[in-house]
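Novice: So that we are looking at the same thing, I have put the structure below in structure tokens.
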Amino acid sequence: MASAMPLVLLLLCLLVTDTHGSRRVIFRSTDDSGSSPPSNAACPSMASGHSNGNKLPLVHRLNPCSPLKSSGIRKHGKAALAEILHRDSLRMRYLSEFKAAAATTTAPALSPTSASNRTAPAMPNVISSLPGVFTYTALAGYGTPTQQFPVYFDVSGMSNLQCKPCSSGSGDGTCDRAFDPSRSSTFGTIPCASPDCAVELQTSSCASGGSCTFMFRNSTFLYANGTVVTDTLTLSSAIFEDFFFGCLQADNQFFFDDGTAVGNVDLSRRHHSLATRALLSSPSGTAAFSYCLPADTDTHGFLTIAPAMSDYSSLAGVKYLPLVTNNPTAPDWYYVDLVAITIDGKDLPFPPNEFSGNGTFIDNLSSFSYLSPPIYAALRDKFRRAMAKYQPAPAFSDLDTCYNFTGINYIELPEITLKFGNGETMDLDDRQFMYFFRDHLDDGFPFGCLAFAAYPTYGYNWLGTQMQRTKEIVFDVRGGQVAFVPSRCGLR
């Protein structure tokens, strides 16, 4: 009976066959509420110096193997949908403000401060009510000798790290997880007058004083004082001397990821990012980096620094998409030229100029994919017609195309294909465009929603992490392209 189905997880066995342009998906729910998480013996080595070459294990924050497991957050299970949507809404708000600020040439992420005016504003602790804002983490080593910390990776901002001394001594131990510059023999500061200060802060002026200081703000509205510094960064076997990052003097109230991840490593195309440094120290024919995101909380992904493009040349089904580099809002981020979307082989009915020509952003911090209102409306309406035989379910926040599959042994989902400006097409896997859940309704209700939503402003589109799962994404910055590689990485 439906009421006897477990509350903890809905496991889907997705078996695909062609049925008149649709794919058949077999439901099977299994009670693993009594199962134990994988043992530590099954965990990949998370230590920076003990990974496979330049490949670092990448895990979900709720994975039992996560380096965050000692922090006190939930250790195992599926992230709640409300939590995922809350995080996405914060990301959306940040990107909206970033876009608005870019129009006035003032970015919201960083602003120079003077040595005499370095007080973070008092504000509500957004992070404490939102565990796991930054979902995928790895271990990175800083300084000489190496101090290891869990960090997340971001494709849209400068590298930062929690540093000592903290801005207040709360005595709760959070400052113990901060980088101690006094213990590193390779630590250095950047003078205010240095050209590198202006490059890193992306401003032509620097506040008076000896060091390159700034006020930091990220996509969850964490505020902190910071100083631009350099030190050695160690990621697996890759070592980057004099790596630039912001040393943040934040207390426990303004901490990364509810007091767990200690910082972030920038993978954008900025001058001092890890991607740029990787290319400077690698031969031609190498990409800046690639990643495969874990498909769920029990699987492992990876982040690879400077993979060889020849590793992918013999693989079938690889989609190579040119990078769009003319986006005026954030030219250092990663965009592809998405020009159309089809359902069951038919283009959605919206004018081609709805895609503004500035590219579709590949984001690694939001879960769902967001489209400008006319594009999303066309996708939603066509998808609803294709799913007309199934019982609709109430919308859940931004996910407004949901279905109740109670008592159904299998469902038929339409084919969704993305079309790009160079003629490439990419068929989406079921796990990329559907989100299945039942954590907010009564027991026994297997629900599913279209994993796309409308972005409130026109002309802005981005692809979230759910759409990227089951693929290895290769960022070939030198070659001006992104490769989507079919893979079973991150799957059971």
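The backbone N, Cα and C atoms fix where each Cβ goes, and this holds for glycine too.
Here's the feature list from TrEMBL:
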- 1-21: signal peptide (SIGNAL)
- 28-49: region 'Disordered' (REGION)
- 136-485: domain 'Peptidase A1' (DOMAIN)
- Asp154: active site (ACT_SITE)
- Asp363: active site (ACT_SITE)
Novice: Which site among Asp154, Asp363 has the most other CB atoms no more than 10 Å from its CB, taking these as active-site residues?
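Specialist: That would be Asp363, with the highest Cβ count within 10 Å.
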Novice: How does the model score the domain 'Peptidase A1' (136-485) in terms of mean pLDDT?
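Specialist: The answer is 85, the mean pLDDT of the model over that range.
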Novice: To the nearest Å, how far is the Cα of Asp154 (active site) from the Cα of Asp363 (active site)?
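Specialist: That comes out at 8 Å between the alpha carbons.
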